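Undergrad: Please read through the structure below; I'll follow up with questions.
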Amino acid sequence: MLRIITQQANVRTELQRICERVQRAEGERTQDEQLLHKEATVREVLQAVKRQGDKAVLHYIAEFDHQTLQPEELRVTGSELDAAYQQVSKDLLAAIQLACRQIEAFHRQRVPKSWVHFGDDEVVLGKRYTPVDRAGLYVPGGRASYPSTVLMNAIPAKVAGVPRILMVTPARGGKTINSAVLVAAQEAGIQEIYRIGGAQAIAALAYGTETIPKVNVITGPGNIYVTLAKKLVYGTVGIDSLAGPSEVLIIADQTANPVHVATDLLAQAEHDPMAAAILLTTDAGLAKKVQVAVDRQLVDHPRRIDTEKAIAHYGLIVVVESLEAAVELSNEFAPEHLELEIKDPWSLISQIRHAGAIFLGYSTPEAVGDYLAGPNHTLPTSGAARYASGLGVETFLKHSSIIQYSPTALNKVANAIDSLATSEGLTSHADSVRRRVQEAE
Ligand SMILES: NC(=O)c1ccc[n+]([C@@H]2O[C@H](COP(=O)([O-])OP(=O)(O)OC[C@H]3O[C@@H](n4cnc5c(N)ncnc54)[C@H](O)[C@@H]3O)[C@@H](O)[C@H]2O)c1
Ligand SMILES: N[C@H](CO)Cc1c[nH]c[nH+]1
Ligand SMILES: [Zn+2]
């Protein structure tokens with residue numbers, strides 16, 4: 001059952017515990033004493049794949065995904081890609097294509113442009129954006145298959161102009177990858193796909209194996225193992241952000257529909273037993289109705305066991321004194337998704353400082369953003385929205401600064417550079433400017 005507490009209770013400690021659930025998994029024992037704790041498992045997988053390549057990859061696929069694969073079976077073949085189209089309905093294909101168009105249109109709007117500025121004394125300054133050479137897209141596939149996540153990863157990478165894009169995703173049940181995932185990949189222009197998930201997939205992309213090439217940036221959401229692995233390989237490769245397990249925080253007043261609020265909470269809880277679903281409401285009556293509605297909707301929920309776990313451990317309803325108090329708590333939590341189910345959602349927007357995505361009003365369930373509104377659904381979780389943003393075109397780009405000085409311009413700043421370099425004890429720095437200026441005189 002979804003717990004209800006009031007603002008006077010230990011709400012900040014509770015929210016912090018939920019927010020930091022991924023960090024807590026580093027070093028905490030799982031309930032199953034047979035298992036190493038999660039971070040240790042991930043470290044072991046990373047080390048083994050780094051040292052032994054494909055051999056370790058296949059070992060962990062057998063251990064965690066219960067599949068016996070040969071190295072040549074890791075890559076999805078052209079005939080599997082073709083066959084996937086026969087397996088998806090016309091309606092699903094049309095939906096994938098609609099999502100593709102909307103996501104691409106949104107991401108094309110925010111492509112950073114290279115620029116140069118011509119200043120006084122023939123000084124030229126600028127920035128030049130270039131894509132990474134290779135990107136590795138992680139598409140989760142443990143508990144559900146995510147064609148939508150294929151699009152959210154692949155389209156910004158394509159728009160950024162990444163020359164080589166590979167995708168990894170685990171096979172669920174048998175060796176076959178979900179057909180909709182394979183169709184979505186092809187619709188987004190991705191052909192190089194490997195059937196591998198979990199920490200071993202992140203390790204393979206970070207270090208490279210005989211079969212799977214090393215990439216420059218790894219993007220995409222995943223469960224606790226994937227998220228911890230991304231955190232640990234950061235520095236060897238770039239990553240987008242720590243995206244997963246999913247979260248929603250809903251701020252609702254007495255005008256919200258309790259059944260809709262309950263569904264939206266469950267829509268995130270159903271992703272993962274570690275997903276978080278939080279309601280902050282000014283109305284104690286609504287709190288009770290949402291609690292009842294959640295229980296009712298869970299009765300015949302197809303993912304009942306895992307969803308109940310998420311609700312029990314990382315679900316919470318808080319009755320707050322005011323909408324301002326709700327916003328303050330939300331800013332501290334920094335949710336992946338924030339829904340404003342209140343009479344005048346725009347009145348709060350200027351106070352919201354940290355959230356991956358903000359959904360305004362009664363007819364904007366978070367699922368609209370998950371699938372096809374256009375903005376990316378791979379968003380920072382576990383408080384990362386305080387310093388990070390969602391996946392975007394810029395995730396796949398880096399920029400080089402452009403600097404050109406004329407002799408006149410160099411002459412004008414020579415003394416200043418000399419002072420700064422001398423203060424740092426770096427005489428060759430000072431010399432590199434002084435020599436040029438003297439030779440030009
Ligand atoms: N933020 C986002 O944009 C976004 C989008 C979609 C999904 N998600 C999140 O992604 C996650 C998907 O999780 P998932 O589990 O369905 O798929 P996943 O692909 O992330 O993880 C599955 C893999 O985990 C590994 N694994 C499972 N149990 C393990 C164990 N005991 N030890 C070591 N490795 C193990 C297996 O190798 C398996 O292939 C969910 O948390 C969901 O909330 C987030
Ligand atoms: N809500 C997820 C991000 O946390 C994204 C998703 C994909 N499919 C459904 N939902
Ligand atoms: Zn979702």
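Glycine is no exception: its Cβ is also placed from the backbone N, Cα and C atoms.
From TrEMBL, for reference:
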type     : residues                                 : note
BINDING  : Y138, Q200, N223                         : NAD(+) binding site
BINDING  : S246, Q268, H271, H337, D370, E424, H429 : substrate binding site
BINDING  : Q268, H271, D370, H429                   : Zn(2+) binding site
ACT_SITE : E336                                     : active site, proton acceptor
ACT_SITE : H337                                     : active site, proton acceptor
Undergrad: List the same-chain residues at least 6 positions away in sequence whose Cβ sits under 8 Å from the Cβ of N223 (NAD(+) binding site), in sequence order, or say none.
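TA: Result: P140, G142, R143, G198, G244, P245, D272, M274.
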Undergrad: Closest of the recorded positions to D370 (substrate binding site), Cα to Cα, picking from Y138, Q200, E336?
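TA: So, spelling it out, the nearest of the recorded positions is E336.
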Undergrad: Which whole-number value in Å describes the distance between the Cα atoms of Y138 (NAD(+) binding site) and S246 (substrate binding site)?
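TA: A Cα-Cα distance of 15 Å.
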Undergrad: Filtering Q200, N223, H337 (binding-site residues) by proximity to ligand 3: which pass a Cβ cutoff of under 6 Å to any of its atoms?
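TA: If the test is a Cβ under 6 Å from any atom of ligand 3, the answer is none.
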Undergrad: Just the binding-site residues from N223, H271, H337 whose C-beta lies under 6 Å from any atom of ligand 1, please, or none if there are none.
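TA: N223, H271, by Cβ distance under 6 Å.
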Undergrad: Using a 10 Å radius around its CB, how many other CB atoms surround H429 (substrate binding site)?
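TA: Result for H429 (substrate binding site): 15 neighbouring Cβ atoms inside 10 Å.
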Undergrad: Determine, to the nearest whole angstrom, how far the Cα atom of Q200 (NAD(+) binding site) is from the Cα atom of H271 (substrate binding site).
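TA: Per the Cα atoms, Q200 (NAD(+) binding site) and H271 (substrate binding site) stand 21 Å apart.
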Undergrad: Out of S246, H271, E424, H429, give those binding-site residues positioned within 10 angstroms of E336 (active site, proton acceptor), comparing C-alpha atoms, in sequence order.
TA: S246
Undergrad: Which Cβ among the recorded positions (E336, D370, E424) has the fewest C-beta neighbours inside 10 Å?
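TA: If we count Cβ atoms within 10 Å for the recorded positions E336, D370, E424, the smallest count is at E424.
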Undergrad: For the substrate binding site, please report the maximum Cα-Cα distance among S246, Q268, H271, H337, D370, E424, H429 in Å.
TA: 55
Undergrad: Which binding-site residues from the set Y138, Q200, D370 come near ligand 2, judged by a Cβ under 6 Å from any of its atoms?
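TA: Near ligand 2, sequence order: D370.
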Undergrad: State which of the following binding-site residues has the fewest other Cβ atoms within 10 Å around its Cβ: Q200, S246, Q268.
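TA: With the binding-site residues Q200, S246, Q268, fewest surrounding Cβ atoms within 10 Å: S246.
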